[in-house]
Amino acid sequence: FITAAFGIPQISTGDMLRAAIKAGTPLGLEAKKIIDEGGLVRDDIIIGMVKERIAQDDCKNGFLFDGFPRTLAQAEAMVEAGVDLDAVVEIDVPDSVIVDRMSGRRVHLASGRTYHIAYNPPKVEGKDDVTGEDLIQRDDDKEETVKKRLDVYHGQTEVLVGFYSKLTGEHAPK
């Protein structure tokens, strides 16, 4: 809705990383190993990707970050680069709900269609509604991996709430 209303792109580091993984690039292969283990891809890689992306023409009137920044270093790098944010939104969801939602997700890899075993199940369990092909659970959606990612979030990302609430001056979001 926001991207359509303002005519701006959504910038998802997750989507950028998944594209690199699918393409089998060196970055993609490195990222896949880290992501599958529940870790976060190194800040320097993510920051470089984001800076490159927001320099593209379609971002000249703005953009919507999705899942970025995830670490204090990433947030500080954006401030240092003079990237002004109009607003920052935190969506606070209990860990148990996140584990349930993510571990219940199933994907048809060829099309990207996404299902959920409880909230949006396919017509036939484990099969894509359109093709009848198998659905998979991505490695990063497995319960143990989700729990590891939440531990990383609490250790590295949660501090951003305080960072943005204390940020003042010309780069402070509303």
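Cβ atoms here come from the backbone N, Cα and C positions, even for glycine.
Remember, predicted model here, so these are calculated numbers, not experimental data.
In the three-state DSSP assignment, the secondary structure recorded for VAL41 (AMP binding site) is coil. A C-beta separation below 8 Å, combined with a sequence spacing of at least six in one chain, links VAL41 (AMP binding site) to THR13, LEU17, GLU30, ALA31, ILE34, ILE35. The AMP binding site annotation in Swiss-Prot covers THR13, ARG18, GLY39, LEU40, VAL41, GLY67, PHE68, PRO69, ARG70, GLN74, ARG138, ARG149.
Here Swiss-Prot flags ARG105, THR114, TYR115 as ATP binding site, drawing on sequence analysis. Around TYR115 (ATP binding site), the C-beta neighbours below 8 angstroms that are at least 6 residues distant in the chain are ARG105, ARG106, VAL107, HIS108, PRO121, PRO122, ASP129, LEU135.
Among the features that Swiss-Prot reports, region 'NMP' is placed at 12-41, with the record citing sequence analysis.
In terms of DSSP helix, strand and coil, the region 'LID' (104-141) has 3 helix, 10 strand, 25 coil. Under the heading region 'LID', Swiss-Prot lists 104-141, citing sequence analysis as support.
Here the Cβ of ARG138 (AMP binding site) has 16 other Cβ atoms within 10 Å, regardless of which shown protein chain they belong to. Once the Cα atoms of THR13, ARG18, GLY39, LEU40, VAL41, GLY67, PHE68, PRO69, ARG70, GLN74, ARG138, ARG149, the listed binders of AMP, are compared pairwise, the greatest separation found is 26 Å. Summary for the binding-site residues THR13, PHE68: the Cβ-based neighbour count within 10 Å is maximal at THR13. Reported as a whole number, the C-alpha separation between ARG138 (AMP binding site) and THR114 (ATP binding site) equals 11 Å.
The separation of THR114 (ATP binding site) from ARG70 (AMP binding site), Cα to Cα, is 24 Å.
Separating the Cα atoms of PHE68 (AMP binding site) and THR114 (ATP binding site) is a whole-number distance of 22 Å.
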